[in-house]
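The feature ATP binding site is assigned by Swiss-Prot to Gly30, Arg31, Asn32, Gly33, Gln34, Gly35, Lys36, Thr37, with sequence analysis given as support. Summarising the annotation, Swiss-Prot assigns region 'Disordered' to 175-214.
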Amino acid sequence: MYVAHLSLHDFRSYATAEVELSPGVTAFIGRNGQGKTNLVEAIDYLSRLSSHRVASDAPLVRAGADQAVVRAAVVRDGRTAVLEVELNPGRSNRARVNRSPLPRARDLVGLVRTVVFSPEDLTLVKGDPADRRRFLDDLLVLRVPRLAGVRADYDRVLRQRNTLLKTARKGGFARKGGFARKGGFAPLGPPEGRPEGPPEGRTGGSATSGPPSRSVALDTLAVWDAHLARTGAELLAERLALVEALRPYVGKAYETVARGATRDDAEIDYKPSFDLEGRTGRDDLVEALLAEVERRRGDELDRGVSLVGPHRDELLLTLGHGSPDSRLPVKGYASHGESWSFALALRLAAYDLLRADGDDPILILDDVFAELDTERRAQLADLVAGAEQVLVTAAVAADVPAGLAGARFAVGNGEVLREQ
């Protein structure tokens, strides 16, 4: 798989850009702020419909423009398809394949696959659990594109349920009074000093007219519990399976990247927000999630937030030998070099797993060599040199290892010029 042509309109710093590409290694060389990363970011966006640099689409649209367009001719198994996404901040994005509109923009996900190495990768090791969950989910969606819908459904359910919990909390639900019951909750009596029913001057139960009655709120919460368990169980089951598939690749990649620098083994383990007691099947996980939600009901009502589900899980990264209890967490214990080696191992493992699935994803090395010492630069270059397409960005040509010789573009002053 490789990108043969990239076309940008009002994307980041580019009013327009047209770049012809080829298989093998291509390096974009330019000073910081000249737009070299914007080029590879656009290709990665087509892969995941999200940026590895920012959380929202708004910064991706050039200042003063209403929308941005990214279009690429992608060659896969000898066939060329033109993929296009139209970014509309505040509105729905639109996607096309060979100029034919897709029902939903997310249907574009997975048609081109990328693996990005960037300076931000250190957050996979040193950042919050959310960074590691995103790493897993992005890889899940690349392998099984329909899971983009599952993840979107879970996020929607979580937002709705949190809103309802906050409403219930403001409405005066309390721990005492025996609120829990199987399949839902018994409504409590009014808080001390407050009459039963909606606040004075308000009627009904919409979000705009005031909080719903307690029985309505609790019955509605039971419905969202079921949605949370259903979508959460599917996402959780897929993550568990992914970690099992990824684990041997991480260990092998770390051993290669940190060659001679350590005798420790790199391990990854999935840590759910509660004890699964060995359950991994979807139906069993649905029951487990529902039971845990019921057990934590009081805490959730007290805090007004969902405390159970995949959004609270963690991907544990450890170094050492033996059982998980005998290994040390990378975050907080590993040196800077070990942390970088682990971050690179995660990306390399993702690349190797996608290749094992039968696809050779596009590798993007975004300013990553400037962060590595000479030995790690050479090791990484050796590992990725055989990929069908490798896109590299660097501030100076000297940052690109000799093992990654190939086409080069000079990027500056809004232009992308191929060097002869």
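Cβ from N, Cα, C; glycine included.
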Residues other than Gly30, Arg31, Asn32, Gly33, Gln34, Gly35, Lys36, Thr37 within 8 Å, Cβ to Cβ centroid, of the ATP site?
Thr393, Ala395, Val411, Gly412
When neighbour density is defined as the number of other C-beta atoms within 10 angstroms of a residue's C-beta, which of the binding-site residues Arg31, Lys36 has the lowest density?
Arg31
Which of Asn32, Thr37 has the fewest nearby Cβ atoms, counting only those within 10 Å, among these binding-site residues?
Asn32
Taking the Cβ of Gly33 (ATP binding site) as the centre, count every other Cβ atom within 10 Å, in any protein chain shown.
10
When you measure from the Cβ of Gly35 (ATP binding site), how many other Cβ atoms are you left with inside 10 Å?
23
Do any residues at least six apart in sequence from Gln34 (ATP binding site), in the same chain, have a Cβ closer than 8 Å to its Cβ, and if so which, in order?
Val411, Gly412, Asn413
Spatial neighbours, same chain, of Gly30 (ATP binding site) - Cβ under 8 Å, 6+ residues apart:
Lys36, Thr393, Ala395, Ala410, Val411, Gly412
